[in-house]
Each structure stands twice: as C-alpha cells, then as structure tokens.
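Student: According to Swiss-Prot, the record shows the following:
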BINDING   H254, H258, H264  Zn(2+) 1 binding site
ACT_SITE  E255  active site, proton acceptor
BINDING   C265, C270, C289, C292  Zn(2+) 2 binding site
Amino acid sequence: MQIIRHSEQTLKTALISKNPVLVSQYEKLDAGEQRLMNEAFQPASDLFGPITLHSPSDWITSHPEAPQDFEQFFSDPYRKTPSPNKRSIYIQSIGSLGNTRIISEEYIKWVTGYCKAYFYGLRVKLLEPVPVSATRCSFRVNENTHNLQIHAGDILKFLKKKKPEDAFCVVGITMIDLYPRDSWNFVFGQASLTDGVGIFSFARYGSDFYSMRYEGKVKKLKKTSSSDYSIFDNYYIPEITSVLLLRSCKTLTHEIGHIFGLRHCQWLACLMQGSNHLEEADRRPLNLCPICLRKLQCAIGFSTVERYKALVRWIDDESSDTPGATPEHSCEDNGNLPKPVEAFKEWKEWIIKCLAVLQK
C-alpha cells in the first residue's frame, strides 16, 4: 500500500491560494468554516486523511493527471456555475430502478433527497421516468458478461434534448449497464460538461453482479433488432440494499461534481478521487476534502453547517418524502418503505464531528 502525503504548505496553498484576492475571500468565510477547512493541513487531523493506493490498477497510478487546486478551479474559464435562472439539478430515471413500481419510486426519492442535501442550496427535481425505448439508444449484449448494455453517448443526446430551461444540469440514472463505444467493455457513467448532462449506471453495484449466480445474463446471444426494445421488458434489477444505495449516492454526487468543474482530487481522501474499479470506489469516502469543499461552496454559495445538518437529516429521516421533488403521479401504497441507511451510519458520525468543529 502506498500513502500519498503532501506537505502542510502544499495543502495550505492548494486550499487558500497565494492570490491576495482568493486569500481575502477565504478570510471572509465564517470562523467555523475556516476552522474546519484548516484541518486539511493539520498532520494529526482525524477528519481528513491522506490518499492510500492499494494496487497498480488504482486510478492515480494508471491515469496520471495534473492536480487542480482551488485557484485553478476558480480561474477555469470553462467551468459551469449555477445562475439565478439555472439553479436546478434534474434527475431522469431510465428504465425501472426497482423490482416493483413502488420500490422504483422510493429509490429515486431517496437518491433525489440525498442530492438535495449534498448540493445544498440548489433545487433537485425529477423528470418523469422513461423506458429505454423512449431514448432510441443503441444497445447490445456484452460478449464477456452476457448482460444487456445501452449506449451512453446516445443517452446523453436524449438528455440534452430534454434539458429544461432552468436546468443547471440533467443527470440520467439507470439500472442497466452502459458502454461508451463498441471497443469498450463497459463504463460506470459518462458526462458532457459542456452540455451539462450525464448518465450513470448502478447495474454493477448490486452484490451479485460479479457472481456466477447473476441473473442479468441474457441466456441466448442473438442479434437484437436496433428498434426492438422488448428485450428490456422485465429485465433483471438488483435488490435495493443499503450498500447499493450508498454506492449510487456516491457515484451520482461524484459525477455531478465534475459538471461543476471539480476534477479528480489528488490532495486528500475525498469523494472526488478517481476510481478504476469497484473496490477502489468503495474505499473512496462520501465526503469532500476541504479543498474540494471550498470549490463546491464557491460554486453554490451554501452554509457548510446547514449543508451538513441537511445530510444528517437525510440519514435520520425514516420517511423517504422529498417534498416538491417527486413526479405528479402518486404512490399506491399507504406508507413509505424504510430507507436503508445502515451503510451511512459511520459517515453520520463523521459529519457530527465536523459540526462540532464548525460550531465551537
């Protein structure tokens, strides 16, 4: 295992900058926010630790990238920033997300509520769910894993056409595996930062995807018609578990972070670290490091205290209700399904420690 440690001065410069204007901006932050963010360069901090690499196949080793500090983020002329008329994140589900309509509806509300807390201060809205056939995307059966896959680039074109006027971005989510081009095996997600759209699949986050008993394999490899989407009818969907929900929330917020202009983090253990495989993605924390937190706060303008409180409320709320963020049709059940948040409990304890620092 390799540990990537930066010097105190390197981390301090990455967070605060040496640009007098940006230093002045930092000094105007709430005292508690400065106290929390300063944990970035405290060697003994138990809130923010170094990045650990476990194998040569990990992202940083296999995909060398230039690091992005706060000043580089702030000065990037191409990054997207929400405007008064474009402060909504839209989520578009493609295909069913659960084994029943009710489970599917609850799952999308859980994910929506999480995004609403994570990107605190922005509106998060749902577009009406659509079947795969509505996208007119290309699809195939993967030659190695024998599961169905839909073409990510085609979905991005579909989302771009559906993008509402007040949208900062539109993100599609699906339980069907994705591929970006014929020569690729798969991709977890793909985004167009210019167009403000992204598509992300949670198919490989089910506990059984890589097992011999995976039920999503198409038994007969036959040439499928490009216009016959009936193959997706009643296609296998993994069980919605706490781990799958955590992985879904982690991936979705990471990828939306890219749409804001946050590049892969190479400073500290952080949600914005790249991941090359599921084991590495599971190691990546749910939280942003102080450098990436400052970037997101700069883009949205939230109170860090209120954002963390909103995340704790999302974990604590047994109800899945997300007022104002559900499609107009109603559920047929008499109550909400319990939200499986067991996997988030450790992170809740971490947030409470951060709130203690913020509110000293």
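First residue shown is number 1, and so on along the chain.
For all residues, glycine too, the Cβ spot is worked out from N, Cα and C.
Bear in mind that the values here come from a model prediction, so they are computed numbers and not experimental data.
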Student: Helix, strand or coil for H264 (Zn(2+) 1 binding site)? Use DSSP.
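Tutor: Assignment for H264 (Zn(2+) 1 binding site) reads coil.
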Student: Whose Cβ lies within 8 Å of the mean position of the Cβ atoms of C265, C270, C289, C292, the Zn(2+) 2 site, other than those residues?
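Tutor: The surrounding set, listed in chain order, is L262, W267, L268, A269, L271, M272, Q273, L288, P290, I291, L293.
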Student: Around the C-beta of the residue listed as 'active site, proton acceptor', how many further C-beta atoms are within 10 angstroms, looking at every protein chain?
Tutor: 19
Student: What is the one among the binding-site residues H254, H258, H264 whose Cβ has the most other Cβ atoms less than or equal to 10 Å away?
Tutor: H254
Student: Around the Zn(2+) 1 site formed by H254, H258, H264, list the extra residues of the same chain whose Cβ is within 8 Å of the site's Cβ centroid.
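Tutor: Neighbours found: E255, G257, L262, R263, C265, L271, M272, Q273, G274.
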Student: Can you count the other CB atoms that lie within 10 A of the CB of C265 (Zn(2+) 2 binding site)?
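Tutor: C265 (Zn(2+) 2 binding site) is surrounded by 25 other Cβ atoms within 10 Å.
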Student: In whole Å, how far does the CA atom of C265 (Zn(2+) 2 binding site) lie from that of H254 (Zn(2+) 1 binding site)?
Tutor: 11
Student: Which residues in the same chain, at least 6 apart in sequence, have a Cβ under 8 Å from the Cβ of C270 (Zn(2+) 2 binding site)?
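Tutor: Those within reach of C270 (Zn(2+) 2 binding site), by Cβ under 8 Å and sequence separation of 6 or more, are I51, R284, P285, N287, L288, C289, I291, C292.
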